[in-house]
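Undergrad: Sharing a structure here in structure tokens format.
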Amino acid sequence: MTAEPILRARGIVKTYGAVVALDGVDLDLNAGEILAVIGDNGAGKSTLIKCLTGAEIPDVGNLEVAGSEVHFRRPQDAHAAGIETVYQTLSLAPDLDIASNMFLGREIRRRGPLGGVLRMLDHKRMRQLAAENVSKLGIRTLQDITQVVETLSGGQRQAVAIARAVAFGSRIVVLDEPTAALGVRETAQVLDVVTGLREAGLGVILISHNMPNVFQVADRIHIQRLGRRIATISPESHTPAEAVAIMTGATSAPAHVGALSKEDRP
Amino acid sequence: MATTINTELSAAEAFKTRPLTPLQRVHRILHLHPEISPMIALVIAMLVFQLANERFLSPGNISLILQQVAVVGSLAVAQTLVILTGGIDLSVGALMILVSMVMGSLVGLTGLPGPIAFAIGILVGLLAGLLNGVLVSVLRLPPFITTLGTLSIFLALALLMSNGVAIQGEKLGGFLLWTAVAFSVGPFNFTVGVILMLLMYVGMGFVLHQTGWGRHVYAVGSDPLAARLSGINTRRVLMSVYAVAGVLVTLSAWILIGRNNAATTSAAVDVNLDSITAVVIGGTSLFGGRGALLGTFLGAITVAVFRNGLSLARVDVLYQTLAIGILILFAVALDQWIRRAGVKG
Ligand SMILES: Nc1ncnc2c1ncn2[C@@H]1O[C@H](COP(=O)(O)OP(=O)(O)OP(=O)(O)O)[C@@H](O)[C@H]1O
Ligand SMILES: [Mg+2]
């Protein structure tokens, strides 16, 4: 791969008072690749992707999207750069229905003066598009697009959040433990969708504690430990057991693999 | 056998699709349509009061109730907006008095034309709302304490301005008193103020349900963090809600002047609490994110109906207040019940 990484982070530091959540983390993501991020609870995985997607502003460090430096100050900035995220907390408004959540912050207005002058929303169109996006995920139990999110199960909520990210992500999709609440069948479907994003040339960051899933779909695996990236491995170079050993500090970390960028090469 | 048709349903799926108990059904309907509970309360109250006094549902008395509800009802529009964001506004009543004094003084004391005084009143309402908005959204002060503070400030300003002297109707000119102009539709008697209040409900109802801003108001009240992560500028939404509330309060002040035929600081001391009562009885959740203006309208009418009906039944004012207190507690308990226990199925 000679192209620039689609996302490149260098030296990301994030502290919360005395807590150091990220201690100088680097990350590279190529277009058309799935990068898994694994690590123990509290290793800084969620904080890392928040810093990459505008949800948190890193204390130090820089970020490049497709070769140009960016400074995301809020999630909208990342959205504008084509980056969509399923946060671990899902970020859905419980009192709004599925369709409203799907288009929250980027509602579609009616055409003509009703939309232009009166700023009226096109509820019908948003519902229709939301239904299409949800059905693409193949979650059978999600049928009524006007159902209030509060009344959905954890897995159904996750499906809505994933459908939203997939619908709007044009460059990068970031998923923080997207399948944690999903059944076996639904998980397989989401992994299908994720590999579909890779085929479409998007970059995908997937955080998961599920090693079989990670080894099934990931091209490379970023291992996060105590706020640092201690290794980047690939499913070919290591076994799941070795990955867990590195993650927990039982074995020492190998060098980073993957043709990331020129200066990382030997 | 007929029962074997459903063999493809697993035991769990069969359990999930079990028929709802009647209570669950009620729970679910109330959850989906928050305006149903105030509607039922209102209908029952009207029937009871009609039985107590057959004059209650006469066109004359209904017209009177609408005129009595205009001030609180209009104030409750602003209050609903704020409560939908999960906040509360203790200052709308004081702001209304301040703005009515500003407009009244400009016309009555300096002789400014009514429309110009009204425009200045809008500006004052907007600035006062922005003050609340900045304190709540930028400095992140709790809305309760913030508006408790601005309540005192607005009231003190109104008192300082007026020196305790009311400006009587004959000095206020036609424009400011226009809200008092009455007209009949059949046997009913309306004032411009009542129509203005109704227009406020229709207008803001449209904005809340048909525009993106309205969706954002609900989202911010429902879960501010989720709203932010979804790409909503929550700070700007909060700020704009308080600013819009300030402008709406100016319209309430206009209605107040017409209703009192004067600009006075002694008017309407407990309207602020009444506006909160209307919102709560109307089924809007004090936790934000759930509710609608239709409910608030019914809530405001319900309070007015209680006061009016109890006085027609010659019940002492103290008992009226007692009854409304019980009504509030009932409404809040109902809200908790509806909100708890996710509606499954
Ligand atoms: N808002 C916050 N305030 C204070 N500390 C925080 C905050 N967010 C994260 N932290 C701390 O930063 C560290 C990393 O947390 P993070 O959520 O990134 O972990 P994680 O790897 O995603 O864990 P998990 O697998 O449990 O999701 C933890 O020690 C956590 O306590
Ligand atoms: Mg996490």
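Just so you know, glycine gets a Cβ as well, placed from its N, Cα and C.
Note that the coordinates shown come from a computational prediction; the quantities given were computed from them, not determined experimentally.
Pulled from TrEMBL, these are the listed features:
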type     : residues  : note
TRANSMEM : B:36-52   : transmembrane segment
TRANSMEM : B:64-84   : transmembrane segment
TRANSMEM : B:90-109  : transmembrane segment
TRANSMEM : B:116-138 : transmembrane segment
TRANSMEM : B:144-163 : transmembrane segment
TRANSMEM : B:175-202 : transmembrane segment
TRANSMEM : B:237-257 : transmembrane segment
TRANSMEM : B:278-305 : transmembrane segment
TRANSMEM : B:317-338 : transmembrane segment
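Looking at the shown structure, what environment does each listed feature sit in?
TA: Nonlocal intrachain contacts for the transmembrane segment (B:36-52), taken as residues 6+ away from its ends with a CB within less than 8 angstroms of a stretch CB, comprise 29-30, 281-283, 295, 298-299, 301-302, 305-306, 308-310, 312-313, 327, 331, 334.
Long-range contacts of the transmembrane segment (B:64-84) within the same chain, counting only residues at least 6 positions beyond its ends with a Cβ under 8 Å from a Cβ of the stretch, are 92-93, 96, 143, 189-191, 193-194, 196-197, 200-201, 204, 208, 217-218, 221, 241-242, 244-246, 248-249, 251-252, 255-256, 259, 268, 271-272, 274-276, 278-279, 282, 284-286, 288-289, 291, 293, 296-297, 299-301, 303-305, 307-308.
Within the chain carrying the transmembrane segment (B:90-109), a Cβ under 8 angstroms from the stretch's Cβ atoms is held by residues 71, 75, 78-79, 82, 116-118, 120-121, 124-125, 128-129, 132, 144, 147-148, 150-152, 154-155, 157-158, 161-162, 167-168, 171-173, 175-176, 245-246, 249-250, 252-254, 256-257, 262-265, 267-273, 275, all 6 or more beyond its ends.
Outside the transmembrane segment (B:116-138) by six or more residues, the chain places 87, 89, 91, 95, 98-100, 102-103, 106-107, 146-147, 149-150, 154, 175-176, 234-236, 238-250, 253-254 with a CB less than 8 A from a CB of the stretch.
Counting residues 6+ beyond its ends, the transmembrane segment (B:144-163) has Cβ neighbours under 8 Å at 87-91, 93-95, 97-98, 101-102, 105, 128, 131-132, 135-136, 263-265, 272 in the same chain.
Within the same chain, residues 34-39, 41-42, 45-46, 49, 65, 68-69, 72-73, 76-77, 79-80, 83-88, 201, 204-205, 208-209, 218-223, 324, 327-328, 331-332, 334-335, 339 sit at least 6 positions outside the transmembrane segment (B:278-305) and bring their C-beta atoms closer than 8 Å to a C-beta of that stretch.
Remote same-chain partners of the transmembrane segment (B:317-338), defined as residues 6 or more beyond its termini with a Cβ less than 8 Å from a stretch Cβ, comprise 27, 30-31, 34, 37-38, 41, 277, 280-281, 283, 285-286, 299, 302-303, 306-307, 310-311.
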